[in-house]
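J.: Below are the features I grabbed from TrEMBL:
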DOMAIN    51-309  domain 'Cation/H+ exchanger transmembrane'
TRANSMEM  83-103  transmembrane segment
TRANSMEM  115-133  transmembrane segment
TRANSMEM  153-172  transmembrane segment
TRANSMEM  179-198  transmembrane segment
TRANSMEM  218-240  transmembrane segment
TRANSMEM  252-271  transmembrane segment
TRANSMEM  291-315  transmembrane segment
TRANSMEM  358-381  transmembrane segment
DOMAIN    436-560  domain 'Cation/H(+) antiporter central'
DOMAIN    572-709  domain 'Cation/H(+) antiporter C-terminal'
Amino acid sequence: MVGASPPPSPLPFLYENETYEYCIVLPPKVNSAGIWENETSPLVIFNYSLPLLEMQAGITMSPMMNLQAFRSIFFNKELSIEVIDTVSMFGFALFLFLTGVKMDMKLALRTTKRSVGIGVVSLLSSILVGAAINETFKQPNETEQVKTERLIGTMVEALTSFSVIACLLAELKILNTELGRLALTSAAVGDLSTMFLVHVMSLSRNFTASPLLVIKRVVIMFCFITLIIFVFRPLMYWVIKRTPDGGPVAEVYIMATMMVALGCAVFTHWVDRSPLIGAFLFGLAVPDGPPLGSALIDKFECFINAFFLSIYVTASTLRANFGNMDSLAFGLVMSSKGIVQLSHYSTFRDNQVLSETVFTAMVIAILVNATIIPILVRFLYDPDSRKYAAYEQRNIMHLKPDAELRILACVHTSDNVPAMINLLDLTCPTRESPNVVYVLHLIQLMARNSPVFIAHHNHDSSTATTKSFEKIIPFYQYEGNNWGLVTVNAFTVITPRKLMHEDICMMALDKQTSFIILPFHRKWSIDGSLEEENNVVRNLNCTVLDQAPCSVGILIDRGRRQKPMEPSSPSSCSIGMLFLGGKDDREALMLAKRMARDTQVKLTVTRLIAYQDCSNIVDWDTVLDTEMLKDVKQNNGVLDNGNDITYVEEVLDCGSQTIKLVRSIANDYDLMIVGRHYGVESVLLEGLSEWSEFPELGIVGDLFASMDLNSR
């Protein structure tokens with residue numbers, strides 16, 4: 001018997017399907033926190049889609065890789081440099097479209113004579129100096145190519161780009177300074193002057209060759225601009241009207257706006273003009289700010305700046321063959337160069353007007369300019385070094401008895417208004433000592449390059465319909481209810497969050513206010529629970545506390561009073577004031593005593609005394625505290641003018657007793673006033689600072705703002 005060998009076993013998975021498991025995170029991760037997100041494994045950033053896309057785009061642009069390798073790695077199909085240039089050009093057109101959206105054309109139209117003069121002179125002087133240098137170094141046998149290149153270099157270097165200057169000022173955090181505002185308005189004038197001058201020179205140069213062609217181009221551009229102003233812009237306002245107040249713009253309208261922007265770029269390219277012009281002009285027509293302008297910026301700016309703009313800059317630079325202090329700072333800012341100038345040089349290089357050598361030199365000049373100027377401006381101009389030095393002592397305590405009390409009241413939303421007016425009502429203005437209230441409505445800058453400052457002139461019809469003015473109206477009603485005793489001046493500031501403190505402190509300085517009132521960053525609901533917490537507002541409050549030129553109060557509204565007090569209302573208001581000692585407590589007591597002049601107000605001053613401090617240990621702060629409390633002690637019960645003030649002393653020996661006291665009196669008063677800092681370290685506060693959640697309120701103020709305190 002012959003044994004047969006067993007048949008061979010089949011190859012595994014030869015005709016079967018394998019199963020792989022993938023874990024996909026939804027929604028997908030787009031932006032990373034940077035290479036420091038995971039120091040042991042920095043490559044984790046490529047788990048995010050945008051860094052991975054930028055890396056792949058960088059591979060496509062890398063001069064160390066040949067085009068064939070790029071085709072096989074990235075797209076795996078035929079792709080030419082012309083396609084990259086086309087993509088980068090239209091990407092830059094979208095960048096200029098968003099630049100137009102953020103640009104405030106009204107800024108150039110409402111500028112002062114000083115800004116107009118600087119804008120025009122900065123352009124003309126640069127051109128004249130450049131022309132003089134060209135004539136000085138002119139050679140007898142120069143070619144037309146060299147003459148043209150020198151002319152282009154002179155013109156482009158004379159440009160003052162609004163977007164470049166706005167980005168530089170924002171980076172240096174001097175957008176809201178006097179120098180920054182002057183530079184922005186001058187740059188806006190310079191941009192308009194440049195646009196007009198370039199078009200006049202271009203048309204005059206072509207008119208000698210073909211007058212009919214020039215007339216045709218002028219007519220086409222006129223019709224194009226008319227279409228943008230009288231068709232597209234009204235349509236965008238129609239979209240804004242259809243958008244609910246505070247709601248998002250419908251996606252179909254956002255995408256339609258972007259498609260029209262691309263269509264404008266294609267149209268101007270079709271009529272032998274740069275595609276950048278069409279996109280930029282359409283961007284200027286888009287109503288800036290929310291809801292449409294801010295929606296476009298929020299949705300597309302990150303991707304366009306991070307992806308398309310990086311491709312454009314890389315594609316442009318790869319073609320290069322690389323082998324008085326304030327006045328000086330202002331001049332450097334106005335001479336800053338960036339992406340706009342690079343786009344001009346790239347366009348001339350594409351049209352074979354500039355040689356490779358000249359283009360390389362111009363790109364290097366832009367890189368050097370963009371690197372050195374921010375360093376020099378930061379060195380030459382320090383706005384914080386000269387601010388508020390002479391005004392640190394402006395406060396309520398040092399006011400004369402018959403002086404007016406100037407208050408700066410800051411509001412972010414309509415929720416801040418009722419409590420703010422309640423507090424202003426309690427400051428008891430009189431004919432001898434009236435109140436001058438400056439209301440500052442703070443709005444975050446969105447979809448704009450330049451900050452906006454609006455002065456509301458009482459009941460001016462031109463501003464009465466704006467959403468900002470609606471939040472101001474209650475303050476004018478407060479003025480009307482206290483006619484002759486209160487003067488209200490209202491303003492709106494649209495500015496970046498990180499620079500809001502500049503506007504607050506500068507207004508306090510300019511208006512010589514003695515008291516700034518800031519709303520607390522927490523919002524309580526009607527039932528007393530925490531409804532909202534805004535850490536951006538908290539950071540703003542902390543910065544103002546550090547830099548303000550006068551006294552600052554943070555108003556914590558726990559929702560007890562929902563309606564402002566009427567002057568004729570018979571209801572009384574109970575105010576409590578805890579006094580531990582120190583300059584901040586003395587300032588708080590002065591405010592409380594001013595409020596106590598109102599016959600409807602009942603003030604209780606509770607002085608906390610440490611048990612071991614009962615001995616006769618006297619220092620200068622103690623002397624000042626005793627003097628400040630003298631009239632309160634002597635007139636305990638009823639003061640000379642008939643107002644009700646009660647003085648109480650509480651002797652405590654530890655921090656836990658302080659907490660118990662705060663909890664016991666929290667519901668006894670409509671308003672509590674406490675100082676922030678104290679003269680000396682007291683046993684009454686021992687151990688409490690370690691548990692303080694909001695140090696900017698002081699230890700006692702933090703206790704009243706605590707969630708553990710069941711009080712409204």
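Every residue, even glycine, has its Cβ placed from backbone N, Cα and C.
Heads up, TrEMBL stuff is auto-annotated, nobody curated it.
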J.: Six or more residues out from either end of the transmembrane segment (218-240), which same-chain residues have a Cβ under 8 Å from its Cβ atoms?
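T.: Same-chain contacts beyond the ends: 203, 249-250, 253, 257, 260, 264, 267-268, 271, 273, 278, 281-282, 285-287, 291-292.
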J.: As a test: from 115-133, 153-172, 179-198, pick the stretch that has the greatest number of Cβ pairs under 8 Å with the transmembrane segment (358-381).
T.: 153-172
J.: When secondary structure is assigned with DSSP, how many helix, strand and coil residues does the domain 'Cation/H(+) antiporter C-terminal' (572-709) contain?
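T.: Per DSSP, the residues of the domain 'Cation/H(+) antiporter C-terminal' (572-709) fall into 60 helix, 32 strand, 46 coil.
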J.: Averaged across the domain 'Cation/H(+) antiporter C-terminal' (572-709), what pLDDT does the model get? Just tell me the whole number, please.
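T.: Summing pLDDT over the domain 'Cation/H(+) antiporter C-terminal' (572-709) and dividing by its length gives 81.
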J.: In the same chain, which residue numbers or ranges, 6 or more beyond the ends of the transmembrane segment (153-172), come under 8 angstroms Cβ to Cβ?
T.: 99, 102-103, 119, 122-123, 126-127, 130-131, 134, 180, 183-184, 186-188, 190-191, 194, 198, 333-341, 344-345, 358, 362, 365, 373-374, 377-378, 381, 449-450, 496
J.: Which residue counts does DSSP give the domain 'Cation/H(+) antiporter central' (436-560) for helix, strand and coil?
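T.: In the domain 'Cation/H(+) antiporter central' (436-560), the DSSP-based counts are 46 helix, 42 strand, 37 coil.
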